[in-house]
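Participant: Below are the structure tokens for one structure; questions will follow.
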């Protein structure tokens, strides 16, 4: 019992501050999109769906590592404690893939971007990224579980999720989704590099010079920074979760209990780091920053105009 309490306290100490940061940042970005009418378009609606999923993941973040602990819960309570966080996590992952795919098509095939089926059938796209995770997460509720009987009150991950269910989710859903995102990101970087070489080649042909100009050096430096930023984001956000995922599978195969402090820390940091990915995408979007800055400037100008107008009215009233 003491070990269980210490494990729960460690989980709360790590996940609660991270969960609070994720929730507040998502709320700020969501409110920014909702208030700015210039951002009301289909691509931002996709991103809004992902932010909502990430917000829900932030809420469920403290409860996901708890699934690895043995707790005294009834079957219905244990089922909800495992199925609901798993559904939110899978929905977040599906939304993340959808947003990356939408941006990938925008770069790879810009001529057919506006005719993309995701834009023409937006409600169907939302169903695709929310309903399948719900159906898959609810499979243990339909009978695919290891719960032995009504007298068994020990709730753990292996009681709800059979090994086949976990293997299918990890290697059939989660890992292919991560590899798909990494593949699309790498392809976009390769396309960007090829376009950058074409621009430099055309610039040299116009300037009729063999050496790289300052503009070419700035372009190459910007591309290098982009590659470094993408690489660091992948290392910081995805690698901890990949390590946690494979370590968890190794613990599952060896039938080792999740009372290890190392595994608790890996689960908290791995899931938390992956939940930061949408925040990085949102804060790095220059379109939003420019429009939000423009909105702030417009609000400031409007405030100055109103203040000046009120000042003129007050002076005229005093003079009269």
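Sequential numbering from 1, following the chain as shown.
Cβ coordinates are placed from backbone N, Cα and C, and glycine is handled just like the others.
Note that TrEMBL annotation is computational and uncurated.
Pasting the feature list from TrEMBL:
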DOMAIN    25-281  domain 'G-protein coupled receptors family 1 profile'
TRANSMEM  12-33  transmembrane segment
TRANSMEM  45-67  transmembrane segment
TRANSMEM  79-101  transmembrane segment
TRANSMEM  122-144  transmembrane segment
TRANSMEM  170-191  transmembrane segment
TRANSMEM  223-243  transmembrane segment
TRANSMEM  263-284  transmembrane segment
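Show me how these features fit into the shown structure, please.
Facilitator: Over the domain 'G-protein coupled receptors family 1 profile' (25-281) the predicted model carries a mean pLDDT of 84.
For the transmembrane segment (122-144), the list of distant contacts is 42, 45-46, 49, 53, 79, 82-84, 86-87, 90-91, 93-95, 97-98, 160-162, 165, 169, 173: same-chain residues at least six beyond its ends, Cβ to Cβ under 8 Å.
Residues 90, 93-94, 96-97, 100-101, 103-104, 107-108, 136, 226-227, 230, 234, 238, 241-242, 245, 249 of the same chain lie 6+ residues outside the transmembrane segment (170-191) yet bring a C-beta within less than 8 angstroms of a C-beta in it.
Beyond the ends of the transmembrane segment (223-243), by six or more residues, the same chain brings 178, 182, 185, 189, 192-193, 196, 266, 269-271, 273-274, 276-277, 280, 284 to within a C-beta distance below 8 angstroms of the stretch.
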